[in-house]
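Visitor: Sharing the feature lines straight out of Swiss-Prot:
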{"type": "BINDING", "residues": "D151, D152", "note": "divalent metal cation binding site"}
{"type": "BINDING", "residues": "N385, Q442", "note": "Mg(2+) binding site"}
{"type": "BINDING", "residues": "385-393, 415-420, 434-446", "note": "ATP binding site"}
{"type": "DOMAIN", "residues": "215-266", "note": "domain 'HAMP'"}
{"type": "DOMAIN", "residues": "274-480", "note": "domain 'Histidine kinase'"}
{"type": "MOD_RES", "residues": "H277", "note": "phosphohistidine"}
{"type": "TOPO_DOM", "residues": "1-16", "note": "topological domain 'Cytoplasmic'"}
{"type": "TOPO_DOM", "residues": "38-194", "note": "topological domain 'Periplasmic'"}
{"type": "TOPO_DOM", "residues": "216-486", "note": "topological domain 'Cytoplasmic'"}
{"type": "TRANSMEM", "residues": "17-37", "note": "transmembrane segment"}
{"type": "TRANSMEM", "residues": "195-215", "note": "transmembrane segment"}
Amino acid sequence: MKKLLHLFFPLSLRVRFLLATAAVVLVLSLAYGMVALIGYSVSFDKTTFRLLRGESNLFYTLAKWENNKLHVELPENIDKQSPTMTLIYDENGQLLWAQRDVPWLMKMIQPDWLKSNGFHEIEADVNDTSLLLSGDHSIQQQLQEVREDDDDAEMTHSVAVNVYPATSRMPKLTIVVVDTIPVELKSSYMVWSWFIYVLSANLLLVIPLLWVAAWWSLRPIEALAKEVRELEEHNRELLNPATTRELTSLVRNLNRLLKSERERYDKYRTTLTDLTHSLKTPLAVLQSTLRSLRSEKMSVSDAEPVMLEQISRISQQIGYYLHRASMHGGTLLSRELHPVAPLLDNLTSALNKVYQRKGVNISLDISPEISFVGEQNDFVEVMGNVLDNACKYCLEFVEISARQTDEHLYIVVEDDGPGIPLSKREVIFDRGQRVDTLRPGQGVGLAVAREITKQYEGKIVAGESMLGGARMEVIFGRQHSTPKDE
């Protein structure tokens, strides 16, 4: 049973729409139908009463009062509007004249009815109605069909009572006219039977139209569901913003969420790539130190501080990149002041160990007064990548110089290597792009360096060195030690 319920519940929007609208249409159809039928019934009763009153007036015209007796002479070719049975009473309720002798009908006439004009109904069984119909064969045949279907069926006859005041030629009379054809056998009564068929046909016609209306109305939601499935299957990046007014806000917020999640994912992936790249230098120093220990070129006491320093740097780098990954775009940069010379000394010392076999000669021309304002790890990451590239591609010499203004810090790194072709001087800053594909590397370092300098409103400019190789000018902006007043 639970499985069966799960197939139908919760109901889809289309089924809900169809059930709700079908219920509304059904209720309205029933309400309108009942109002129409009640109105028709009232109109039918009024029409019947007018017809029977016309018959009553006809008999009153034909009636004559002679010798204290009532005489009614009916012409042979009289044209009556409908088959009727007429009874005439005096003011005391005594029967003066009857069109035919029908005892059961005379008993059904209530004395109270004879006191005023009115419209009434009497109930009779099929056999009594048959006596009242006399020679109407078509109606008798219909009545026989009713008798065959239900022998206990009851028929309803309309009765019109009209009171005529006394005149010089006629005493006060009450004429009762009974419609001999029961209401159930009149063609106008069939409207009650037709109502069920009309209501059924109405629903059969309306439900397909409601289905079309539901399909058309819910198309934007179906389109949105399809786009969400495409997102799940990675066939789409964003939802289509061109949708209905009611869904615009939802789609816009979902697209913002998707963009935010994609940017966060890209940021984590980029940060992880940058972290692995930043660990290359300290790991290379550790590897070089271990190699020196193995070949006994360095004692344990000499190697220990070097290894501890690189392990500390690895720990700092991991913490630094975890912090970067959790930073939001509007996070303020650190305003710490760091002397540049000691930072570059540590970097060159580590790189000398990495490129010990190559015999790189790194020279520094840095004034002790020059300082960097910002996050120390940002400076180390930028200059570490730039210096690593210089040491990797130089023949022997790498020169570092620096100068500072109120707003900017300029650090120039030059080498005597093959240099960078003019057409490649912008490409090298794109992630994954490398000029020399023969040497190991991922093409990440300079891209990371430029991204960090942009956070300081700075840049890195590649050019040609006086030594014959590459010249990299690193520019850090926002170097005022205290924020300026706005």
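Cβ from N, Cα, C; glycine included.
Help me understand the surroundings of these features in the structure.
Guide: Neighbour list (D151 (divalent metal cation binding site), Cβ cut-off 8 Å, at least 6 residues apart, same chain): V126.
According to DSSP, N385 (Mg(2+) binding site) sits within a helical segment.
Summarising the environment of N385 (Mg(2+) binding site), the number of other Cβ atoms within 10 Å of its Cβ, over all protein chains shown, is 26.
Across the domain 'HAMP' (215-266), DSSP assigns 39 helix, 0 strand, 13 coil.
Taken together, the residues in the topological domain 'Cytoplasmic' (1-16) have a mean pLDDT of 62 on the 0 to 100 scale.
Within its own chain, the transmembrane segment (17-37) is flanked in space by residues 11, 191-192, 195, 198-199, 202-203, 206-207, 210-211, 213-214, 217-218, which lie at least six positions past its ends and keep a Cβ under 8 Å from the stretch.
Proximity of distant same-chain residues to the transmembrane segment (195-215), defined by a Cβ-Cβ separation under 8 Å and at least 6 residues beyond the stretch ends, is recorded for 14, 17-18, 21-22, 25-26, 29-30, 33, 37.
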Visitor: Whole-number Å only: compute the distance from the Cα of Y393 (ATP binding site) to the Cα of N385 (Mg(2+) binding site).
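Guide: The separation of the Cα atoms works out to 12 Å.
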Visitor: Can you tell which of the recorded positions H277, N385, N389, P418 lies nearest to D152 (divalent metal cation binding site) in space, using Cα positions?
Guide: H277
Visitor: Starting from the Cβ of P418 (ATP binding site), draw a 10 Å sphere and report how many other Cβ atoms land inside it.
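Guide: Other Cβ atoms within 10 Å of P418 (ATP binding site): 14.
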Visitor: With a 10 Å radius around each C-beta, find which of these recorded positions (D152, H277, N389, Y393) has the fewest other C-beta atoms nearby.
Guide: D152
Visitor: Please tell me which one of the binding-site residues listed here (N385, N389, P418) sits closest to H277 (phosphohistidine), measuring Cα to Cα?
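Guide: Its closest listed neighbour, by Cα, is N385.
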